[in-house]
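The feature signal peptide is assigned by TrEMBL to 1-22. Under the heading domain 'Saposin B-type', TrEMBL lists 91-178. Sequence annotations record features per position, and here TrEMBL assigns disulfide bond to C95-C174, C127-C138, C231-C236, C237-C260, C597-C601. Sequence annotations record features per position, and here TrEMBL assigns Zn(2+) 1 binding site to D216, H218, D289, H473. What TrEMBL records for D289, N329, H437, H471 is Zn(2+) 2 binding site.
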Amino acid sequence: MGRVTIVSSLVIVAAVIGSITSYQVKPANYAKLVEKQKKFDEAFEKEFYVEHTKYVETGDRSERLQEMFEYMRQQPDMFRMEMDDHPLPYLTVECTACRALMTTYLTYRRVLGWDRDRIAAQAASTCETLNILTPANCVKIVDKNIDILLYIIDNRPALSAQTMCGIIFQSGTCVLEDPTFLNWSINVPAGGRPITGSKTSPNREASDIKIIHITDVHYDPHYRTGYNAVCGEPCCCREGQGIPSNPADGAGEWGDYRDCDSPWKAVEDAVRAAARQHPDATYVYYTGDIIDHGVWETTVAGNIVSMTRTYQLFRDVFGAKPVYPVLGNHENNPTNVFAPSYIDRSDFSASWLYDFSADQWSSWLPTATQQTIRQGGYYTALVRPGFRIIGMNNNDAYTFNWWILYDPAYLQAQLQWLHDTLLQAEAAGEKVHILAHIPIGAGTSYRTWARQYRRILDRFWDVITAHFHGHTHADEFNVFYSLANPQHAISVGFNAGGTVPFSNYNPNYAVYYVNPQTYQVTDFESWYFNLTEANQNPNRSPIWTQLYSFSRDFQLSNVSPASLDGLVRRFASNPTDLHRYWEMKVKRGDPFLAAGCSGDCLLNHLCQIVTNEANDDSKCNALAAIFRNLDDELFNEEK
């Protein structure tokens, strides 16, 4: 979603994003357009500071300042989209706004010496001006984040607006140039089996292990049927937002396509449906985000209540069946921010979350996992001889984790642990599944972190047999290509979508078939229900049906990296197949189907499959050359 002020808009949009991740194909003359945009941004940045300073001195907002605010104002559909899915004109405006507002607020703090309360009051005012939240909720979200941001700004005097916006956006004129944030690395010694081609796998067999993958339940304890689903805030259908005069604007019984999270009955129904329909599943994966999108009023106590209730549901429903969970970016309070372990301020630390998770997960995970969970929310567990799971907390590499701005190198520790764990697994002859909430390599995954992860994947491509993600709410997959040999597909990331309908989706979960010798995924399927039909029949449970069986629907022998790489190339030359994939990705959500997807929309979704690192457009460009000629009319040329 759109990103605008240092402690208000940036906080809100970062906290509530969680819809479909796509990719924005760049026009052929992108570099030229960026150079032109740089000049515009530099002029806008300087003029905004002058006009805004006059305003804070006099209390009078000039006509020009009003125009500039209007230029930066968020589009009405920004909250329902992951930032990767914003059209390039949106991203261009957001970057302009970020640079102008960051520069202005940094100057107020560092040069003019504004204190905490004055910064907070002005940031809340800007949040209100840009219509991001109600005035009261603007105050709440600023208060939740202001102390962290000021701590970072005050203790990193060299941190510039350009670097801050470069971390958050990683594109356009918000380019990350600071070597401190670009040049750190981890130790990955040479070794392992050489990559000589794309990775293959066995076909599906009757003896395959079955794994249920549930993600992103986003339970909202404040959800109320009939309450306002078009409230004008990032998260609606909540008790405090009232009952609308038009009944059609009221929240549905089983959830709502609009910007709403899940009532408890829908969370419970999804988990019970998965267990009921697949009693022969051996394991359950849960890839994060239990907490709702009402980020302006989350609390540690409230988050603990929601998480405790959800984990207990998993225990009650699945019984002795092992559940392997990871943390989502919404689990902490404030949302998204995961401080380095050496930050010992109690109001900044995530230790409460790590200790809580260690206790809750202890019924599923071995005792040996306790140390790393309490240290950073990640773990490894030997599931059976020859098969290991690694549960990562890659929320620390999410570009809206403010602590990246404080010390990007603190991310090295978990990555080095990952490398060392994989080295031990390799020596023991084990195969590994990696669970992580944020899709690895997505546009909101910090690019230096993604590059280091790709180095690890190149080294252990034969040990890592699959990745499992959440966060985007889209039922999708990503193909990973070798950093050293980009023609070779070496791994696949599977995303189970989410049981929450936020925004425009039908609820779903996924099921994987895994070879019991190689532990590679041989096939997968998705189960869902139509939210419109369910809400039309509020007095009975939703009807869960199979959305797809992937190999069958796309005529594949298996879903190996080699096979899916071939499918991606088929998508590039066959828009009909690509459109079918898009329908599955959006889980046939009625609003998505009504809006449709063709041309640029389809190409964006195609490119998302093969993008492993922000700004690495090589795979996308090759597919785009097959799919269509690029359109240069993506920027406003009149700027």
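Glycine is no exception: its Cβ is also placed from the backbone N, Cα and C atoms.
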Least Cβ-packed of the binding-site residues H218, H473 (other Cβ atoms within 10 Å) is H218
Do you know the mean pLDDT across the domain 'Saposin B-type' (91-178)?
-> 93
Given the disulfide-bonded residues C95, C138, C597, C601, which one has the fewest other C-beta atoms within 10 angstroms of its C-beta?
-> C601
Disulfide-bonded residues compared (C127, C174, C231, C260) - the one with the fewest other Cβ atoms within 10 Å | C231
Including all protein chains shown, what's the count of other C-beta atoms within 10 A of the C-beta of C236 (disulfide bond)?
-> 27
Between H473 (Zn(2+) 1 binding site) and H437 (Zn(2+) 2 binding site), what C-alpha distance do you get in Å?
-> 11
C174 (disulfide bond) to C127 (disulfide bond) - Cα separation in whole Å = 21
With D289 (Zn(2+) 1 binding site) as reference and a Cα-Cα limit of 10 Å, the qualifying recorded positions from C260, N329, H471 are N329, H471
Spatial neighbour of C138 (disulfide bond) that is closest, considering only the recorded positions C95, H218, C236 and their CA atoms = C236
Shortest C-alpha distance to C597 (disulfide bond) - which of the binding-site residues N329, H437, H471 | H471
To the nearest whole angstrom, what is the C-alpha distance linking D216 (Zn(2+) 1 binding site) and H437 (Zn(2+) 2 binding site)?
-> 9
Other than its own, how many Cβ atoms are within 10 Å of the Cβ belonging to H437 (Zn(2+) 2 binding site)?
-> 27
